[in-house]
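These features come from Swiss-Prot:
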- GLY172, ASP173, ARG174, LYS175, THR176, GLY177, LYS178, THR179: ATP binding site (BINDING)
- SER373: site 'Required for activity' (SITE)
- 514-550: region 'Disordered' (REGION)
- 528-550: compositional bias 'Basic and acidic residues' (COMPBIAS)
Amino acid sequence: MAELTISTEEIRGALERYVSSYTADVSREEVGTVADAGDGIAHVEGLPSTMTNELLEFEDGTLGVALNLDVREIGVVVLGDFGGIEEGQRVKRTGRVLSAPVGDAFLGRVVNALGHPIDGLGDIANEGFRELELQAPNVMARKSVDEPLQTGIKAVDAMTPIGRGQRQLIIGDRKTGKTTVALDTILNQRDNWRSGDPKKQVRCIYVAVGQKASTIASIKGVLEEAGAMEYTTIVASPASDPAGFKYLAPYTGSTIGQHWMYGGKHVLVVFDDLSKQAEAYRAVSLLLRRPPGREAYPGDVFYLHSRLLERCAKLSDEMGGGSMTGLPIIETKANDISAFIPTNVISITDGQIFLETDLFNQGVRPAINVGTSVSRVGGAAQVKPMKKVAGSLRLNLAQYRELEAFAAFASDLDKASRAQLERGSRLVELLKQPNYSPFPVEEQVVSVWAGTEGRLDDIPVGEIRRFESEFLQYLRHKHEGVLAGIAAGTWGDEIIASLDAAISDFKNLFLGKEDEQRVNEPPAKPLAGEENRETVTRFRDGTTDRPAES
């Protein structure tokens, strides 16, 4: 019988091979339970290793984001339908921090606060994900604002110019045209986009927070009709969305824009509006049982907006030279810009455009209050011709408003004051502009030059806008080289002389045509009781003798 031999080396090798090839089928995951849920908020017990802003998954697949990390429980904002979440259900960690998909495929699309498409055009092929809570560029990564972002609005580009990388607040009561100013700015980027020049192209993001779904649909229709959706992304969180979505939507829009900014591209982001985001954040914070402060807002409501708007920047050449311009919108109550949220955002931004209800009701649109509107850094980026002609415009309008208020009570004014009132009324008329009809910068320069230099003083106030329209058309056909020179940034004696000659020639044609129309019009029949008004008026002006007494 053969002797049994045991080789320890073989046994050890067999065991090592078995152990090295073994794969455990058991997965490790942290699981917690829902302590209570309601109003879009859930309090979860357990999960001690959860990170701030980490995504958590409920039993029905709904996601939530961890905002409050207390010793015993976690405060979670539910991102979706919270009707199926009940006490006692299991919650597990995902290990992922809240992020949004980004990429060029988002242009022309409408997405929700999580970056998911809601326009029915299918999935979006993203280029990756970016965290929503990324640090803003530091001081060394930035450079000063030195490139203009033209809005196409004469009053804005002349008096409160905006530069690429600037944060310019649009503030005013409801129904004063705040959204219209922002949409005009988006529409004015169309020619730059179609030029194909990456240095001129501006990608636009419109963030709609707390608006009616029908309003968002109409805004999309305006952009599509003007051909602006091809370079615009809409991030929509309508009034029907939970408060958590309204709180996150501006960060999603900013994240999509940051992807392009760090890629060396230029971006414009409109936040419409941050008042509703602050209200949504207040609701979320109170439901999370955070201590309330002034007007029941949480103590970090300033940080809510500062960390969002600080992401707007003009990057240095070493960082690619991209930019992200922010146009936050804030709604005031009774024109009170000293309220809590308005003063917060005013202190964060680089200037504000204040739209006033009284001016809007008077037909001055855009209804910009010159006295309280300012741009702190955009002047450095203003084009040279506009800077030359618009220097006195703000002062003239401010003096006109002051004199207008005085003239309402004064019976007689000196000649200089009357002349100032006449010119001021023409400047106000000149700066009026229809909705969704932005002006090229060279035509803005011509209009502002004509008004500030007194070339319109002999044109009736009611005819100013018609004169402007026809004169610009005349220049486009007869003096195209002058407009091209201004567009190229040229301004000097030669261009001024050409404009002087052109406006004199056109004025003769315009006034001659007007006189001819007046002659051909049949005399208007006086209304009852007005037969003697002309005589009385002429007597008051001193142009006729006193009527004989009976």
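Backbone N, Cα and C atoms are what each Cβ position is placed from, and that goes for glycine too.
Distribution of Swiss-Prot features across the structure.
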residue	record	Cβ within 10 Å
GLY172	ATP binding site	28
ASP173	ATP binding site	18
ARG174	ATP binding site	11
LYS175	ATP binding site	12
THR176	ATP binding site	26
GLY177	ATP binding site	19
LYS178	ATP binding site	26
THR179	ATP binding site	20
SER373	site 'Required for activity'	22
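Excluding GLY172, ASP173, ARG174, LYS175, THR176, GLY177, LYS178, THR179 themselves, the residues of that chain whose CB lies within 8 A of the CB mean position for the ATP site are, in sequence, GLU331, LEU355, THR357, PHE360. LYS178 (ATP binding site) sits 13 Å from SER373 (site 'Required for activity'), taking the C-alpha atoms as the reference points.
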